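**Q** The following block contains the structure, expressed as structure tokens.
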């Protein structure tokens with residue numbers, strides 16, 4: 001696009017937001033087919049959109065089940081005496097799921113671009129099934145609500161740029177982030193849109209501020225082969241580059257980025273491996289929903305995404321043994 005660096009950055013940020021909204025549409029389609037239950041996604045994605053290929057739906061299923069397994073295990077290990085920070089949360093519905101399953105942490109934070117946050121806050125304000133959960137978990141008069149932030153006793157949304165660490169840190173502390181609480185940070189297809197130095201700054205900040213924490217990161221891997229290059233080229237056609245692709249070359253590069261920024265332990269699995277480790281009775285149920293003609297394509301797709309999780313464990317919550 002024409003214009004200076006700020007103009008190009010604004011366009012790029014908009015493209016990332018578009019990807020986030022498309023992810024919600026894909027999620028709603030998958031839930032409409034019965035891959036997993038999410039009664040709240042309908043309030044953020046009004047349409048199920050066009051039919052998605054079965055391998056796409058199975059990929060989303062594996063992603064949701066894998067990330068949720070690690071998140072829920074951390075919360076249970078801390079007996080809910082913890083906090084969650086969802087980085088680049090988009091229109092995610094995890095807060096409402098945890099509330100329904102009686103797994104709500106002390107506080108659940110979400111961070112995303114102000115434009116995404118404004119849309120989410122509007123939806124929460126205008127959809128009673130969403131706002132009802134906030135009201136039920138809020139007991140003081142300190143509710144803060146404007147176009148770029150929402151803060152209640154148990155749930156907080158902040159409009160911020162993850163590339164600006166000082167501003168991010170300031171806003172989280174303003175809304176009562178507690179560095180002494182065990183903390184799990186979530187990041188799904190977020191770090192890959194940041195340069196290696198920007199994502200390293202974010203990981204280093206998290207490692208320095210929390211003494212007991214886990215970082216769960218879902219994104220691309222094995223990007224140096226032909227399949228990975230095609231993925232990158234397709235995104236470039238939509239003016240959305242994977243600025244952090246060099247850290248997505250292998251499972252080892254995914255783990256190393258954490259170990260080099262102050263995390264004590266790191267593991268990583270590609271999504272084909274995750275898929276094989278999920279409860280097989282539910283996988284069998286899910287696989288009956290749609291016929292899959294080309295299993296090789298599903299395998300290729302899942303081998304190019306991964307879940308990497310890193311930890312530091314001063315309070316001895318047995319995080320080093322937490323796995324899928």
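Just so it is clear, glycine is given a Cβ too, placed from its N, Cα and C backbone atoms.
Marked as S-adenosyl-L-methionine binding site by TrEMBL: 63, 88, 161, 162, 188.
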**Q** Ranking the binding-site residues 161, 188 by other Cβ atoms within 10 Å, which is at the bottom?
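**A** It is 161 that, of the binding-site residues 161, 188, has the fewest other Cβ atoms within 10 Å.
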**Q** Using Cβ atoms only, which residues of the same chain lie under 8 Å from residue 162 (S-adenosyl-L-methionine binding site) while being at least 6 residues apart in sequence?
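**A** When sequence neighbours closer than 6 are ignored, residue 162 (S-adenosyl-L-methionine binding site) has 87, 88, 111, 168, 190, 194, 198, 202 within Cβ distance under 8 Å.
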**Q** Test of understanding: give the count of other CB atoms lying within 10 angstroms of the CB of residue 63 (S-adenosyl-L-methionine binding site).
**A** 22
